[in-house]
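**Student:** Quick one: the structure is below, and I'll ask about it shortly.
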Amino acid sequence: MVVTVYLLIVYDVGVERVNRVKSYLRTELHWVQNSVFEGEVTESQFRRIETNLERIIDRERDSVIIYSFRSERAMNRNVLGLEKSPLDVIL
Amino acid sequence: MNSAGLEQCGMIMTRKNYYITTDGLLKRNENTLYFINKDLKRPIPINKIYSIYSYGALTISSQALNLLSKEGIPIHFFNRYGFYSGSFYPRETLLSGDVIIKQAEHVIDHDKRIELARSFVRGAALNMRRVLSYYGIENGISDTLMDLDSSNSVTDVMNVEGRIRSDYYNAIDSILPEGFRIGKRTRRPPENMTNAMISFGNSLLYSTVITELYNTQLNPTISYLHEPFERRYSLALDLSEIFKPTLIDRMIISLIKKKAIKAEDFEHGMNHCLLNNSGKRKFLAEYDRRLGKTVKHRELGRKVSYRRLIRLEAYKLIKHLIGQKSYEPFVMWW
């Protein structure tokens, strides 16, 4: 039985590492806007993302916050102003 | 992570299908994929892609193909009219000589082949009957189906299927509004709106089945009902038959009845009719929603998506081929 979670990741990291964090997260989750990613992942993907982020960041200087929800439906999403990157699958 | 707080959701759809309906470029940058067209540049996380359906004029770089291949993601290409033109079928990683030999053995042995061909037709017919009875339409499918046991060649089995399907389309016409009736089934090109949707939907489903077969050890070219000819994935045609009524036909009827699709979603030509861009997008959105819909699986005792049901069908076929369990086609139970 595979369990999934919906993740919202925000980060504030040193300029030297910001690109590495961004390009890594781009392979795993949807880019929402600057320094914000989200998406549904399995438990094992979740662990992999945490491990990989810990490897990239400098624990003394950077901050990454991972919000997790039971499912996408457990979260409300309300966009004010522009939606920089809609999540639709039809392009 | 706090696993106690996690809901068991049963639906493992963390990878999504992407449908490209506009013209553009698919390229790779730093291990992720970008789709770029005149209006947007969208990163698509590689670990979030299940397969890609391409309906526009798409330019792809070989780096992008390498990445897709590494991740085992197929791309299906359709021409402007929505007809299937081919797939990028990545290098296979699930190989089993044993399964392929068993697959071939079941084609060469006439009795074994007929048994499977009949199963596919029976599955298709019973699902058609479910669709009709859902709408309360009387039908003679069960009677025609009795001829199946006396059909001893693949051609005979195919004929039974053809008769059932043509009665079925006639029966569906009785609940469709004027203008949306199928009349005669026309292909290449379809001549009216519902024919256009059936063709578009069947090509789409065929590709979905190809993706599922890619994720199993089955060889997609060795088939039972359809002749295992060259240049096509005929096993995907076999399995599509079973799912057409449940996935495509029900969806078309519902789109028409809810007036979600209207005459202006089609391009009406002299002797053809096709979904236009807005029609395609509506159709694809609804199809994708339905693939992700879940139903409670009786034997597994958990919820599975429609997409998963197709994979399970492939697994059942493998079990049959290796002699573990006789194949019983999927019939909609809800």
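Glycine is no exception: its Cβ is also placed from the backbone N, Cα and C atoms.
What Swiss-Prot lists as Mn(2+) binding site is B:GLU161, B:HIS226, B:GLU241, and the listing cites sequence analysis.
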**Student:** Hey, what's the Cβ neighbour count for B:GLU161 (Mn(2+) binding site) at 10 Å?
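**Tutor:** Taking every protein chain into account, the count is 23.
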**Student:** Would you mind listing, in sequence order, any of the binding-site residues B:GLU161, B:HIS226, B:GLU241 that have a CB less than 8 A from a CB of chain A?
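**Tutor:** So none of them sit by chain A.
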**Student:** DSSP secondary structure for B:GLU241 (Mn(2+) binding site), reduced to helix/strand/coil, please.
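**Tutor:** DSSP assigns B:GLU241 (Mn(2+) binding site) to helix.
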**Student:** Using a 10 Å radius around each Cβ and counting other Cβ atoms from all shown chains, which of the binding-site residues B:HIS226, B:GLU241 yields the largest count?
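**Tutor:** When each Cβ's neighbours within 10 Å are tallied, B:GLU241 tops the list.
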**Student:** I want to verify one value. Collapsing DSSP to three states, which class is B:HIS226 (Mn(2+) binding site)?
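**Tutor:** Note: B:HIS226 (Mn(2+) binding site) is coil by DSSP, not helix or strand.
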**Student:** Taking DSSP as the reference, which of helix, strand or coil describes B:GLU161 (Mn(2+) binding site)?
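**Tutor:** DSSP call for B:GLU161 (Mn(2+) binding site): helix.
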**Student:** When you average the Cβ positions of B:GLU161, B:HIS226, B:GLU241 for the Mn(2+) site, which other residues in that chain have a Cβ within 8 Å of that mean position?
**Tutor:** B:ALA117, B:PHE120, B:VAL121, B:ALA124, B:MET158, B:LEU225, B:LEU237, B:ASP238, B:SER240
